[in-house]
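A short worksheet on the structure shown next.
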Amino acid sequence: MASEQKNKESNEAVKDLSHNVARKTAPIIRNESKDDYLVGKTEENVQYMKRSKTDPELDFIKVVKQEEEGAGICYQFYGEKELPTLEYNYHDFSHSTWHDFKKMKKPIPAEEEEKPCDDIRILLPLHSTFMYSLKHCVSGIASGWGFKNKPRKNFSYYLNELLNGILCGITMLPEVISFSFIAGIPIHVALHGSWILCLCATLLGGSPGIVTGVSGAFAAVAGTYALNPENGTYTQADYDMCLTRMLVAVMIASAILLVFSLVHVASVSQFLSTSVIIGYSNGLAIIIAKAQLHGFHDFDTGKYLKGQDLYISILYCLIAFAITQFSHHIPKIGKYIPAALMGILVVILIHYSIVAQLLPEVKISTVGSVAQLSSSTSFPSVLFVKYTDSLRNLKFDLALVKQALVFTASIMIEMLIIADIVKTLGAKEPNSNQQLFGLGVGNMLSSMLGSMGGSSMVGITIMNLNSGSKGKESNLTTGLFVFVMLAGGYPILNYIPIPSLCGIMLSVSFHCFKWFSIPMVVFSAFPQSVRNLHPRMKMKISRYDAFIILVVTIMCVLWVVPLAVFFGIVFAAFSYVWESKSKFKVEIYYDKEANIKYYEVEGNIFYASKRMLTRCFKPEEDPETTVMVLLASTSLFDYTAIEALNSLKALYNSHNKCLLIKGLSYGCIKKVAKMNRLCRLMEHDLVGFTPPTLPTLYTPFFEMKSSQ
C-alpha cells in the first residue's frame, strides 16, 4: 500500500509539473530531432512542446516512451548526475549569447612555447641575431638522445632502437641501389652518400626518427642531369665530368642550405598546402615507377631486353612486388622481417637455385654485373683527389648555378614535406631548421668525399616511426649498418638481381601515390546533380584544390619537381586571395534626418579588393557628409589600402564634400601614422579618434541611431 501511495503521489507531481510547463510554454510544431523531447497531458488534443534547455523545470523532465494517441505518457526524472551546472549552455549557441558570455570572461593567457618561434630572420654580419640563430641550429646536437630524457631510458629502449635501426638499414640498401639507377650515378657513390648523410643529419639535426639518404625525389631530379645511354654512346671522361658537375652542384646547394637554416627559411613550410603535397606525392610516384624501366635494359647495349631475358625479368619484378606488398600478412614472421629483404631473398633463391640451373643461357643483370662492389669501393674517395682532371675542365657557368638551385629546392621541399608527415603520425615535432642545418653539413661532407647528396627518406622514416622509434639512436644505427655493409658485406650485395629492386621500387611508388585523390579530382569537376546520383560520388573538394593536385602532378612528371611545387604554392596563394576578395562586403545606410550617408565596410582592404571598394562610393550623389565605417574585422592590409582611402578623400574634397573614416583598429592607426606624410588628405582624427557606436550583428541600426 505504501508503494502504491508513493507512485500515486509521484504521478500527481508529474501531472502538476507538466501542467505548469504547459501554461508557461506556447505550443509549437513537433520536432523529431534527437535533442527534442515531448511533454504533454493525456487529453484529446495533446499539445507538443519542445524542451527548452534554459528552463530548469523543463530540463527536469524527459519523455521516455509515448503510447498510442489517448494513452498515458511515461516520464522519467533526471538524476543529479545528469544535470551538470553549465555556466554557458552551448546547446543554445548563438552569436548574441556567446557575445554576452564572453563579455564576462577574460581569455586564458597563451602558454609560452618551449622552443623559440621559427620565423624568418634577417641576419647581418656580426649581429646578435646571427649568433642566436647559429646557437639555435647547433643545439640540435644535444637533443633527441635517450640519455638526455628525464627519466632516463632503460635497456629495452636502446634494444628497440638498435633493432629498428638495423631493419631500416636493411631496407635502405635496396632502395638506395634502385635510386642510384634513377639518378644515373654509381651504386657505391649513392650508398656512401646515404650513410654520411644519415650520420650527419642524426648528430647535428634535431629530428629523432627521420632517416636521411639518397631519396627518391632527389634521385629523380638528379636523373634529369645524368647522361642517357639512349641518346648515344659516351666516354668515361664524359661520365666523370657529368658526375663531377653533380657533386659540385650538391656542394653549392649545401652551402645555400646552411644559410637557409640560419635565416630560418624552413618556416616556408606553412605555405605548403595539402593539395600541393598530394600533387607532389603523385608526381613523385609516377617518376619512380617510370624510372624502373631501367631494370629491363641490357646495360651493355642500352637497349630493351627481348625473349626469355625479358620474360624472366618481368617475373622477378612481379614476385618482388607481390612479396613487398603482402608479406606483412604472413603470420608470425611477416612483421619481423622487412618486406624488401624478404622479396630480395626469395628472388635470389629462385634465380640461383632454379633459373640459373635450368636456363643457363638466360642473362639477368645483377648488382655485381652492372657495378661491381669491391674493396676499392668500400670507402669514399675525396672529390679533389679522384676527379682532379674533371675539376680542372669544369666550367662554372649559369647552368651549374641553376642545377645547384634546383638541388637546393628539391632537398628542402622533400625535408619540409616529410617533417609535416611526421607531425601527422603523432611523433615528436621535428625542428625543421636544425634538420636543414644537419642536411647542409651532411651534403657538404658527402660531396667533398665524392659521394652523392640527398634528403629525408619518407618510406623508411614512416617505417621507423611506426616501429616505435623515439630517439636518434635508431638513425645512428642505420647509418653505421650501411657503412659496415659497404666496408665488409659488399660481396652479398653483388648477388642481388636488378629486376627485384625494380619490384621493390614499384611497391614504393604504389604506396607513394595517393589513390584517393583520383575520385576527388574527378568528382569535383561534376555538377551537384551528377554527384547526387550515388553516395560514393559525394567526394567534392574545392575546384581550386582539385586543379592544384592535377597540375602539380603533371608538372612533376613533365618538368622539374621544385618548379611544380612552386607553381602549386603560387596558385594556392592566388586562390586564397580570390576567395578573400569575394568575401569583401560594403553595406550602405542613410540617415534622412541628419542627411548623412554611412558606408559599412567588412573584410580586408588590399590590392584585390580596392576596385570593389572604390566602385561603391559616388561622391557626386552623396550628401555633404559621408562616413565610412570600418568594422572590427576590417584591416588595411597593404599600401594599396592606404592609397585607396587617400584617393577617396581627394575625390570627395574635389566635390567640396567631407568623407570621414571611422572604426580603424589600433594596428591600422599605427600604419597610417607611420605613413602620415603620404596621407596628407586625411584628417588628424584618423589617427587619434574615439571609436563610435557602430551597428553590429547584435545591435540594429535603428538602436544605434536612437542612442545618439
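Cβ atoms here come from the backbone N, Cα and C positions, even for glycine.
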Listed range which TrEMBL flags as transmembrane segment, given the options 130-150, 445-465, 592-612, 613-633: 445-465
Annotated stretches the transmembrane segment (404-425) and the transmembrane segment (162-188) touching (3 or more Cβ pairs under 8 Å): no
Non-local residues, at least 6 beyond the ends, that sit with Cβ under 8 Å of the transmembrane segment (445-465): 164, 167-168, 171-172, 175, 180, 183, 185, 189-190, 192-194, 196-197, 200-201, 209-219, 222, 246-248, 250-251, 253-254, 338, 380-384, 386-387, 407, 410-412, 414-415, 417-419, 421-422, 425, 427, 435, 439, 474-475, 478, 508, 511-512
Considering the transmembrane segment (336-355), which listed stretch of 247-265, 477-498, 547-578 counts the most C-beta pairs under 8 Å: 477-498
Intrachain neighbours beyond the transmembrane segment (504-526), with Cβ under 8 angstroms and 6 or more residues off its ends: 174-175, 178, 216, 278, 281-282, 284-286, 288-289, 291-292, 317, 320-321, 324-325, 339-340, 343-344, 458-459, 536-543, 545-546, 549-550
Listed stretch, out of 162-188, 247-265, 310-330, 547-578, that has the most CB pairs under 8 angstroms to the transmembrane segment (477-498): 162-188
